[in-house]
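See structure below.
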């Protein structure tokens, strides 16, 4: 009976677990895993191939080699199951136990585990508070360590050399205890009292003030507490028993010719066993100390190599000079256990083949070769054959399929019907890289792919291959059909625009059929409808392009969503009328009544989806494709050499440019311009010439002159094939046509600099040898770049996925009122992105009011769809506060309202959607399109940088924000604030343009004044920074002593003299401490106060400042007192493209970041040191001033006595995101990162929705540093998960206690991935050893919240359809129900019964 119970217990699967804990293994635990001790280094007998007894492959310890058969062959078959053979001692069971049964080795001397010793920071070193060097010297038998000092003057843990030890031994005898080797370290660890040590350290922490000491102490406290809380014992970091991996995980395979292939682990284990046995023997023989010591050291090294080869000293190599793969190497890296077997697996029921076009397929179909289908669906076919009674057994069915009998094909047809397959093209950069289709059987061996899904797969038909997978279970088929079918993935998850968009031939065909032509056959007819138009065209009575009137019936949706017909006569062409026949009801005719290019077609599909929904759009897309292909064939568009028309003016333009270049060369030789200026000018001249040539060429291609019906000449858009292809967006661009028929233009060298001699020829004329060489020179760089780019982009995607993988939508509404203000993106005079594009699909965080009133336009918590956005535009709303994932209050995951619309589906996001992964893919996927190049500012760009005025483009009124200004003597405004913005507002109050205005700019128009388009509203000198007085009065020089602090210089050309302030380095000793300044006094000589303060108006002058006033002159407010020359910013490289995106997400500090004000207050300068200035900010409220040392060469934007706000820029430069977070808060840093990333993508014309970047930013902000612990259990300065602090504070506040105060941290994506709560996820990402060591010591629990952890433990992921499963488990656990018990299968039951009966027959209880 006992056996029966045992059997039933063993049948229940123990799959139900909620978390995984990692901890140190105690020696007893290792013994409890083990099935026996491995005593011999032998593996298998090379003659009989049987495993040696007690060896590394011993059958007695690890289990039988053959199923249900003992080694000597006494017991065979199932009936002896569970018997232990008395001859060979092997249990009769399945051979797969050799994969799970472990053994152990009893070590003769303890050895340290290398991970806890050498993985930095060394855990053993930190725990004992001893330097790693010393511990290593003890472990590897170079010195002694004192364990008990006794009554002597020796300290515990003191290190003694051999001589010192012998001296001490003579002096004290056995009063004290000192040892060497791992035993000594073990004894030290064993005798530690962790709790008392903790108390002591906490006391020290409260007493000490030094920063470094505090850091060290907190580290130790954290480690000690981890040991106390996890129940790990410190001495377990020293191994006394070594576990042995099951033999089938370190196989030994006989090759032919009597050789063996073996896993490296066997070699490493053999060395350990050999040395261990030798040591045992030496100890038994009581060998001399020095020999034993050497053997112990060698054992330590052998164990080190087994655990992590190469971490200490040289790696042990095999016979072929390659380092052996240790246990640590088995789990880390791309080929390790995590990434090779747990996160990525090979799958059954899959095949791959080349793809070709399937233009006749429907959108949801793919062509599957019969051969492949037969192989993939074999089990289904066998099942069907048996079900029909066509085959009696599976074996017979197999035979039938092999013979390929006729009936098999009919059955294959049945099986395949309604059974979707998945198609995948590597690299799978986003979720549209795997889609489901219904297979259609075809002859041939290539998979046929629908042309419209090529864009999503990024596939072309030049030999690409794709893989097919068969979803087997019913659930999988359901998901494939409902979620992954290509017809359900019409919109791109990255930006919510259609991704199923016709391209190339289809676009050309539609463009051709919707073009109009002057005086075509049949012009001026009036037709009864599209049907008649098609009849006339087919019968050759009317041309496709003829301008005609057609009666068109449009359908419009009324308020109830019913379709209402409306008929009218339209001016159109025959082709457009024919195209109208396939447009679904409900769309306006205006949508096809134009020459349709790629953009127009995309817009048409988008409109169709938004108005009519999914099904009509899919049918429409298919119809568009068939029509496009048909008319592209009809058009007969082809490219001949005569289509490349070279403009006549080309030679004239080129000779003019050459003359200009010659002139500049002369100026250079006569020394009037520098080499750099000459180079820049030459490049400008050629760039301008190139533009002129290409303009002439395009004008030439674009139009042709024809005779119209009245016999007059008329210009019309040309039907030149090359022009049509470019104009429609089918293929090619103006730049490419320019190279064909204009001039090739300027070429770049591989380092990105431009070669100043352009290629004046084009491809039609042909290149000479020199030109050909120049053009290959730069082109090769492009190819090398592409290869690098792909790898880099893939790595960026991997890091992004890793940081965001556990972010899932977990609730509907977190109830927060927080959000971010959305305004249109305006750069200079252009609206780069209008407000509607930014808020579309977001949820409002607060009521949006009608501008100028208190009426609510859009209530809070409204999902802004297209209609709402139209309403916002009509009311010219300028800024909307929307919910954002960055400010979402959900603890684990985010809520649906903060995320908004699911871009790929068009409704609010569902719970369980894995938004983190979607965001990562959306940002990573276009990565390959970004440039790798970091571009230098060269040529035209550098002159544009030195702007000196603002000229507005539109008319409107001026609005200045954060501005301080004074009026000068001529009544103009002079700006005296730092980050002033000038906006142009149109009559509806919408911002049209926005400019930055520098300090000292003179405004022509004031705040709120009207300006006309093209008017200049502000001027300034770009090369100097003025010092402007805010008061009127008389100038009084202070500390300005000629020769000491200033020097007089006279300009040679004008003869005017000016004073120049000396740098402190140039001053004499007496002038070092003087501070030259200009004071403003009134006529009586009293100080004038700055208005609104009680500070006298005096302006301190920095070094190099130029003063053109004399002492005692009268000045008025707004005048320039002095000018500080600005060294031009040099050519700082702008990092662009992919590296810039990576820098932003890694939150790297820029080289010379902008210096921001840490607190608000008044600026003054303290005592200078040799190379630095001391900046002091004194708060107005009288709290402590803040000091900072700033290098002298940094240019400051502030003067003495100026008031700054916290977060203001003190010295220009690229801003460091950490500073923005610290000084301006979470929303500011979000805005900064989002805008910077978008700038890079916008340059490449890639559209990504802001919320994807916000999702990544949320993950970068997931840690917080504790500033003050309050009544919580956190340590001051500890970095913890933000959600944990929030939860802890909520509980504390509920109990009326003080919560912890914290500051948010910004981590780069790599750091953030490694700092996740889940150690499984972190270990599978990077630095596996370090992560696992840390986790084991702390005894971490992995709650399996993220996606990766669940994939690794082999569960459904808690997202998508798996979300419900996980919710259900949590609910059941909360209710305390038992998980559904797995049913025992019939065969298992019969087998176990047989086993029980056998055991009963054997009569002996082999326990």
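Note that Cβ sites are derived from N, Cα and C of the backbone, with glycine treated the same way.
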Taking 814, 869 as the options, which does Swiss-Prot list with 888, 895, 898 at the Zn(2+) 2 site? 814
Separation of alpha carbons, residue 464 (Mg(2+) binding site) and residue 72 (Zn(2+) 1 binding site) (Å): 55
Roughly how many Å separate the Cα of residue 460 (Mg(2+) binding site) from that of residue 972 (N6-acetyllysine), to the nearest whole number? 63
Specify the count of other C-beta atoms within 10 Å of the C-beta of residue 888 (Zn(2+) 2 binding site). 24
For each of 460, 462, 464, count the other CB atoms within 10 A of its CB; which of these binding-site residues has the top count? 464
Env. residues of Zn(2+) 1 site, Cβ within 8 Å of mean position of 70, 72, 85, 88 Cβ: 71, 73, 74, 75, 86, 87, 89, 90
For residue 898 (Zn(2+) 2 binding site) and residue 88 (Zn(2+) 1 binding site), determine the Cα separation and express it in whole Å. 68
Intrachain C-beta neighbours of residue 85 (Zn(2+) 1 binding site), sequence separation six or more, cut-off 8 angstroms: 70, 71, 72, 74, 75, 91, 92
If the Mg(2+) site is taken as the center of the Cβ atoms of 460, 462, 464, which further residues of that chain fall within 8 Å of it by their Cβ? 355, 459, 461, 463
Can you tell me which of the recorded positions 464, 814, 888, 895, 972 is spatially closest to residue 88 (Zn(2+) 1 binding site)? Compare CA atoms only. 464
If you tally other C-beta atoms within 10 angstroms for each of the binding-site residues 895, 898, the top scorer is 898
Rounded to a whole number, how many Å is the Cα of residue 814 (Zn(2+) 2 binding site) away from the Cα of residue 462 (Mg(2+) binding site)? 50
Cα-Cα, whole number of Å: residue 464 (Mg(2+) binding site) versus residue 895 (Zn(2+) 2 binding site)? 40
Nonlocal residues around residue 972 (N6-acetyllysine), in sequence order (Cβ under 8 Å, 6 or more apart): 1002, 1003, 1004, 1118
I'd like to know which of these binding-site residues, 70, 72, 88, 814, is least surrounded, judged by other CB atoms within 10 A. 72
